Amino acid sequence: MQQMSDQPSAPASAVALHKQLEAVWGTPPGLGRLASVNHTIVGRRFIVTAFVFFAIGGLLAMLIRTQLATPRSAFLGPEIYNQIFTMHGTVMMFLFAIPMFEGLAFYLLPKLLGARDMAFPRMSAYGYWCYLFGGSILVVGLALGVAPDGGWFMYTPLSSKTYTPGINADLWLIGVTFVEISALSAAVEIIVTVLKLRAPGMSLDKMPLLAWYLLVTAFMMLFGFPPLIVGSILLEVERAFGLPFFDPTRGGDPLLWQHLFWLFGHPEVYIIFLPAAGMVTTILPVFAGREIIGYTWIVVSIVALAFLSFGLWVHHMFTVGIPHLALAFFSSASTAVAVPTAVQIFAWLGTLAAGRPRLTVPMLFLLGFFFVFVAGGLTGVMLAIVPFDWQVHDTHFVVAHLHYVLVGGFVFPMMAAAYYWLPHFTGRSTRHGFGVTVFWLIFAGFNLTFLVMHWTGLVGMPRRVYTYGTETGWEWLNLISSFGSFLMAIGFALFAIDVLMQWRYGRRTRRNPWRAETLEWAMAVPAPSYNFASLPAVSSRAPLATEPQLPAHLAAGRGYLPFVRDGRMETLAVGLVTGQIEQVVRLPNRTLLPLITAIATGVFFVSVLFKLYVPALVGAAATLAMFLLWTRTTGDLQDRGAMPIGRGESAAPHTEAMAPPALWAMALTLAADATAFASLAFGLVFLWVVAPNWPPPALLAVDPAATVVAVVGFVGAALVGRISVRPAVIAVPRLRDRVLIGVAAAHVAALAGLGTTMLEVPDPTRHAYPAATMMVLLYAAFHAALGIVFALYGVWRSRAGFVSPARSLDLRIGAMWHAATAAIGAVSLLLVHGLPVVMT
Amino acid sequence: MRRSPAGFRPVVVAAAAAGLAGCDGPLSTLDPAGPAAATIAGLWWAMMSGGIVLLTIVMALLAWAFLRPGAGRTTSPRVWLAGGGLVLPAVVLTPLLLAGLWAGERLLARPGVPGIVRVDVTARQWQWDFVYPDATPAVSTNVLHIPVGRPVDVHVTSADVIHSFWVPRLAGKIDAIPGHVTVVRLAADRPGVFHGVCAEFCGTAHAHMGFTVEAHAADAYEDRLRRLGRNTR
Amino acid sequence: MTQAARITPPRALLLLVAGFVVWSSAFVWLYGGLSVGCAFGWDRITLAGTSALRLGLLLIWLVHVAALGWLLAYSRAVRQAGRSPPFVTTAATALTVVALIATVWTGLAIPATTLCI
Ligand code: HEM
Ligand SMILES: [Cu+2]
Ligand SMILES: [Cu+2]
């Protein structure tokens, strides 16, 4: 039997410590790698996969440019061309940009923050598999010639069943939603990691700015993605079951789709830009040879930017006939975002001017970023001016603008990041020469392609046309664009070769080759699986400048947690603002469960794609069961109290903490959930107010009995749920089990009430009113059903010995769900029964 | 448009592009033939000039940082952050936003203007049907007739998917959305034929969904509508 | 107001974003109010020499500006009393100022532009 020792001591030598840590944190080679949950490995996987998708998207771009190089080209027909530009946009936005940033975040965050892994390593792995499978669905569709062909924003009714009867649109909806799961889980994980898993002493104001950028970005994802997911579900339900949310002939409205899509779509472009800006803020000071100016200014700017970016979405809809005052609101918000962006640009400029900049390869790409991104930002401000947008909206001017901001604001910084962190990934130093050629090819090619494209748009070329005539006067402009794009493609190909060569044949680098000051360079490169042999105590924003000996000290075990306790994987969590030590977080070990769960989820999505609803239900149930299985190795069977963490200090295990990471994760998940519900509620209200062919032919009658039962059920679940976390109740095992059963019973009542109401809803395929009403009720019912699972899960955990007054996490998480369910249930009933009264 | 054989040397090509492209062309927003398009073209030229100036300033500062290393050492960070980040955008954006809103107000299809002509348009995959309510039963397909010099309110809807009605030399575009009627006001300064396209992606023949607008002098216009009415009868 | 009480973590973060939460509320109410108002024809009701809809929107706007004014005073008081780490209170005050300016900026067009066309 293994001996429980709560008094571990640091091993005698750095090598012994390394061996001990590697034994628990390392991932074995071969098939065992499928079980890896380590952030370095998962991060690398995301990055490599995203780069492969970038290559696919780039290839599609080359096909586009080949077709458009000459007028009346016979290279591609419209059916194929439509698939190609749709997939180009979709791949670049969903399968390249977002996952690339997620990968970098996973790889870098714990290292920057002085932690050993992300907060939920198994979720990272699960997210990766979801991304890979969802992306593969789309690419397989392309290979089979049935890829989505309605444009990357999939406007209805073109993407509805009537006008796209094939599987094309379903592939988009299913594939993208599958990938979004990984985006949402990454968002939760990034937030919790930044807020909690920092090095001791790293208070909010000592956090590296990149962590701020990633934190803000993750919050934007949390609120930005739910509208798209809801929209996609509604459209898939319309396509599969005929519920007419977007069909104007039956009370739906195509504009609802546009609102839901752009509520996501606009923040999305800032979600892509902000992490890249964070990398600029990290890399630029290193080569300027001085600290960045305006730390607080930058933090304030990015928070402001995050909010403002949610007030811009209608600038994609300036031509749909919205009142001028409404356009004015969005026009002013769209110009206002330029301000926080300008603050950042000038912070970078001021830093360069006050330092002594070195013209390295990463710096070269940053210079390219400056030119291209500032130009793109300027055309962005122009597009925010309503009348100008009326002319150039949906033309190649917009295509040029969006590539200036996306390539300038994301690809160029990523190239800088690649050359900057390459030694960290590979342990090899980079060479100067080749990178310069790569830069000039890409920079020249890019501007040749897209600078003239502004003009192409101004002289009238709409986007998404597969051909044009000679009378238009667009021939030369297009030929130049195509020529430039091939130059750029050569540049990217050389980049791939350069990276491969350096990875294979580069000279070994010393630690910290750029003389950077952030913690990710305080470790050996390539990074060991556990990052730090012992965790640093941080006292400034530039730990390696304040304490040049830090890497050696950490390796020698003079930091926190310089040992392996009972074969567990441990890292520290701190107070959110202060950075004071708070908990010892135990992380889960490698396991195949994330992969298996993702396969189960894949069964669900693929079955829905082929309209096989029984296998779909099986897939969903299996996914849920797998997630429950995950918890078997989390939690603790005994109260431990404070445990030593080295340097003479001690901290409680997370299982006994007030606010462990999992509790934060639940709160954040509920925030995303509330956003999704708000999007759905917005849809219902929007249809009532704006959609054609209202009021509906028949209204839902109020059934007093069913309503009362549902209300009692919801209120009961919330109240009894609260009782279940009272210390006095938790202390008595029999009592707490009974209370939890009571919670489950309350959810059953709520379900019964809702179910009866749903049966009374008029035929939902006849009109958008019953359709949307049904979806709102279903949303609440889904929550009640999961509420039963949460309550019974509590009983299971309690019986298995995971619960005590000190270890109440599982029950507290449950109580949060019950409360949220009650709130959603109450608002649903209010909307469903109240709107008809108010509106008729 | 002039054509000249240009080699594939980037510089030559870029220079040629500037010279060759010009501003004319049957669909050019920069060759306006009506007040709305002219107003917007004016906005563009102003914004383009301002944009070039701003881009030049930023690039000059960047070059300065590299060519005179450390020269900005004594400048207080506040000068950069408040000056470049707040004052500069405020000075640029305030007049720009106001100009944009003012121009937008002038272009709206506001009722009560004398002499308005109304046309009803239905877009469908892939054609444009025009109805002239002032001269029923006149209808036409893919050719719109308007009188010169009078404001024309085009009421647009769609019979299937979303399209977008756009005559770049006359005015901005407006989407044709099933279930909704949207309005754009345009006018032509001179008689002539102006080309229009569908600007919103609408399926396989999106690229071929063009139409023309024929602007006639007053008499010719009346005459034309009468003939259209006879044809449909 | 309890002078000495420190503002603790989650609330400290809330203070950081409170200003922009008010801005978001202003935005939603203005845009939502305008859409509902146009759907119900409130722009055609005349009240005090202008349309009822415009008055309503002005009211929404001013209420939010006032709320931000109050929030600004509050976050400055928190800062002066040192009830939270200086970085948090400085950033919170700055963000409130920015949100106030953004709210004024967003509503600038209300008195002037056409309502429902
Ligand atoms: C590698 C060089 C690239 C080239 C040559 C290129 C070229 C193009 C072209 C010509 C179009 C217009 C297609 C049309 O309207 O018919 C287009 C659309 C688009 N591109 Fe790219 N692109 C490149 C990289 C990227 C990147 C890096 C991103 C995003 C991160 C991106 C995102 C998009 C999007 C979202 C669209 C709109 C697709 C749609 O209309 O549905 N592109 N691209
Ligand atoms: Cu069309
Ligand atoms: Cu079209």
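Glycine is treated like the rest: Cβ placed from N, Cα and C.
No curator has checked TrEMBL annotations; they are predicted automatically.
Predicted-model confidence for the domain 'Cytochrome oxidase subunit I profile' (A:19-539) is 95, expressed as mean pLDDT. Under the heading domain 'Cytochrome oxidase subunit I profile', TrEMBL lists A:19-539.
For A:128-147 (among others), the entry in TrEMBL reads transmembrane segment.
As annotated by TrEMBL, transmembrane segment applies to A:171-197 (among others).
What TrEMBL lists as transmembrane segment is A:209-235 (among others).
Residues annotated as transmembrane segment in TrEMBL: A:295-314 (among others). Listed as Cβ neighbours of the transmembrane segment (A:295-314) (distance under 8 Å, sequence separation of 6 or more from its ends, same chain) are residues 205, 209, 212-213, 216-217, 219-220, 223-224, 259, 262-263, 265-267, 269-270, 274, 277, 281, 322, 326-327, 329-330, 333-334, 336-337, 339-341, 343-344, 347, 541.
The annotation transmembrane segment is assigned in TrEMBL to A:326-349 (among others).
The transmembrane segment feature in TrEMBL is assigned to A:398-422 (among others).
If you look at the transmembrane segment (A:434-456), the same-chain residues 6 or more away from its ends with a CB under 8 A from one of its CBs are 65, 361, 364-365, 368, 372, 379, 395-397, 399-401, 403-404, 407, 415, 419, 474, 477-478, 480-492, 494-495, 498, 501. According to TrEMBL, the feature transmembrane segment maps to A:434-456 (among others).
Feature annotation from TrEMBL assigns transmembrane segment to A:476-501 (among others). Panel annotation: around the transmembrane segment (A:476-501), residues 51, 55, 58, 61-62, 65-66, 68-71, 415, 418, 422, 434-435, 437-442, 444-450, 452-453, 455-456, 459, 461, 468 of the same chain, lying at least six beyond its termini, place a Cβ under 8 Å from a Cβ of the stretch.
TrEMBL lists A:592-610 (among others) with the feature transmembrane segment.
Annotation source TrEMBL lists transmembrane segment at A:616-633 (among others). Residues 122, 588-589, 591, 593, 596-597, 600-605, 607-608, 789, 793, 797, 810 of the same chain sit 6 or more residues outside the transmembrane segment (A:616-633) yet have a Cβ under 8 Å from a Cβ within it.
Under the heading transmembrane segment, TrEMBL lists A:739-759 (among others).
Annotation source TrEMBL lists transmembrane segment at A:771-796 (among others). For the transmembrane segment (A:771-796), the list of distant contacts is 234, 237-238, 243-245, 252, 624, 628, 631, 677, 680-681, 683-684, 687, 700, 713-714, 717, 721, 724, 736-737, 740-741, 743-744, 747-748, 750-751, 754-755, 757-758, 761, 764-765, 803, 810-811, 813-814, 817-818, 820-821, 824-825, 828-829, 831-832: same-chain residues at least six beyond its ends, Cβ to Cβ under 8 Å.
With pairs at least 6 apart in sequence, the transmembrane segment (A:592-610) and the transmembrane segment (A:171-197) have 3 or more Cβ pairs within the 8 Å limit; the two touch. Residues 700, 703, 705-714, 716-717, 720-721, 723-724, 729, 774, 777-778, 780-781, 784-785, 787-788, 791-792, 794-795, 798, 811, 814, 818, 821, 825, 832 of the same chain lie 6 or more positions beyond the ends of the transmembrane segment (A:739-759) yet place their CB under 8 Å from a CB of it. Note: the stretches the transmembrane segment (A:128-147) and the transmembrane segment (A:592-610) are in contact (3+ CB pairs below 8 A, sequence gap of 6 or more). Same-chain residues lying 6 or more positions outside the transmembrane segment (A:326-349) and placing a CB less than 8 Å from one of its CB atoms are 277, 280-281, 284, 292-294, 297-298, 300-302, 304-305, 308-309, 311-315, 318, 370, 374, 377, 380-381, 383-386.
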